[in-house]
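Trainee: Checked TrEMBL, it gives:
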{"type": "BINDING", "residues": "R24, H29, E35, F36, P37, G38, N120", "note": "8-oxo-dGTP binding site"}
{"type": "BINDING", "residues": "G38, E58", "note": "Mg(2+) binding site"}
{"type": "DOMAIN", "residues": "2-129", "note": "domain 'Nudix hydrolase'"}
Amino acid sequence: MKRVHIVAAVILNKAQSQIYITKRPDHLHQGGLWEFPGGKVEIDESVEDAMSRELYEEIDIRVKQQHRFESFEYDYPDKSLVFDFMLVTAFDGEPYGKEGQCGQWVNISELTQYEFPAANVLIVEKVIKEYT
């Protein structure tokens, strides 16, 4: 099975006490679950460029500062993914669900109250460990 390259963002507020998450539309793979905003990396596109493009397309922010937070592979029964999670610490604009999806700022200490896809659990745990 071909692996799909995904980039996703851990977007911190200025106080580094909250992150911005979005809810997957019900009709998509892992629909109805919360996630870190992002999407597919295009052929010949850097991870950083893909992250900037995806965040502008999905939540209308312009990334000013980002760096790699975690990378790993994850296999679902029906999909194989390669993830690059980027930590976004500076951006222009106020995020919102530009494509109609629900999005919100969440206190990092309350992240475990939200249901995430299995592939995101490692990131949720790492964010809580490093920022609480």
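Easy rule for this one: first residue shown is 1, then count along the chain.
Cβ coordinates are placed from backbone N, Cα and C, and glycine is handled just like the others.
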Trainee: Among R24, H29, E35, F36, P37, G38, N120, the annotated 8-oxo-dGTP contacts, find the widest CA pair distance and round it to a whole Å.
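Mentor: Binding-site diameter by Cα atoms for 8-oxo-dGTP: 14 Å.
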Trainee: Taking the centroid of the Cβ atoms of R24, H29, E35, F36, P37, G38, N120 as the 8-oxo-dGTP site, which other residues of that chain lie with their Cβ within 8 Å of it, listed in sequence order?
Mentor: A8, T22, Q30, L33, W34, F116, P117
Trainee: Limited to the domain 'Nudix hydrolase' (2-129), I'd like the whole-number average of pLDDT.
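Mentor: Across the residues of the domain 'Nudix hydrolase' (2-129) the model's pLDDT averages 96 on the 0 to 100 scale.
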Trainee: Going by DSSP, is N120 (8-oxo-dGTP binding site) sitting in a helix, a strand, or coil?
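Mentor: Once the DSSP labels are grouped into three classes, N120 (8-oxo-dGTP binding site) ends up as helix.
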Trainee: Looking only at C-alpha atoms, tell me how far R24 (8-oxo-dGTP binding site) is from E58 (Mg(2+) binding site), rounded to the nearest Å.
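Mentor: For R24 (8-oxo-dGTP binding site) versus E58 (Mg(2+) binding site), the Cα atoms are 12 Å apart.
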Trainee: Would you identify the secondary structure of E58 (Mg(2+) binding site) according to DSSP, in three states?
Mentor: helix
Trainee: Please report how many Å separate the Cα atom of G38 (8-oxo-dGTP binding site) from that of E58 (Mg(2+) binding site), as a whole number.
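Mentor: With distance taken Cα to Cα, E58 (Mg(2+) binding site) is 8 Å from G38 (8-oxo-dGTP binding site).
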Trainee: 10 Å Cβ neighbour count around F36 (8-oxo-dGTP binding site)?
Mentor: 25
Trainee: Please identify which of P37, G38 has the densest Cβ environment, defined as other Cβ atoms within 10 Å, among these binding-site residues.
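Mentor: Going through P37, G38 one by one, the largest Cβ count within 10 Å is at P37.
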Trainee: Express the distance between the Cα positions of F36 (8-oxo-dGTP binding site) and E58 (Mg(2+) binding site) as a whole number of Å.
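Mentor: Between the alpha carbons of F36 (8-oxo-dGTP binding site) and E58 (Mg(2+) binding site) there are 11 Å.
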